[in-house]
Amino acid sequence: MERPIICCRFPILMNLLVFIISGIAVGMLIPLIPVYTAVLNRFTGGLYNSAPIIFGIGLVLTIGLKVLLTREVIWPVQVVKAPWYSFMGGAILAIYLLLTPLLLPRLGVGLTISLIVFGQLLMAVLIDHVGLFGNDTFPLNWPRAGGLLLIAIGVWLLKK
């Protein structure tokens, strides 16, 4: 019996392409968060009313997906053994959610998100260079520094 051809003769390349497209798609969703939040703010009386709603929706969706995909309602007991900093994602998300809608009317969506992405890349390069939080090290070299410089120039051009 002949195997069906899923997409092409290069399955490894296609798998990589799916991940690349998925990464770009997720990246395209990020600028929508502060935009949608700013709209919700107008109906809730402000950011401090909108943020709990947004986090609540995220919580319900996340728990729903967990139950749907794992058929488990309980959380792993090992979570209590996780280092304190592993929980900082929630605090960082709250800062992002509270700050970005304030930046949008002053900087615009393009510059706001460009600055955020540049900040993410700076932190990512630092994490790679130092090997923070148990990650492998990828030393800062001239090509990586050049990439950061090009992105900084791009952010500067968006400001013009």
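Here the Cβ of each residue, glycine as well, is placed from N, Cα and C on the backbone.
These numbers come from a predicted model, not from an experiment.
The feature transmembrane segment is assigned by TrEMBL to 12-33 (among others).
Taken from TrEMBL, the feature transmembrane segment covers 53-70 (among others). Panel annotation: around the transmembrane segment (53-70), residues 37, 40, 44, 94, 97 of the same chain, lying at least six beyond its termini, place a Cβ under 8 Å from a Cβ of the stretch.
What TrEMBL records for 82-103 (among others) is transmembrane segment.
Annotated transmembrane segment per TrEMBL: 109-127 (among others), in sequence order.
If you look up TrEMBL, you'll see 139-158 (among others) marked as transmembrane segment. Sequence-distant contacts of the transmembrane segment (139-158), counting only residues of its own chain at least 6 positions beyond either end whose CB sits under 8 Å from a CB of the stretch, comprise 110-111, 114-115, 117-118, 121-122, 125, 128-129.
Sequence-remote contacts of a segment are chain residues at least 6 beyond its ends whose Cβ falls under 8 Å from one of its Cβ atoms, and for the transmembrane segment (82-103) they are 33-34, 37-38, 41, 47, 51, 54-55, 112, 115-116, 133.
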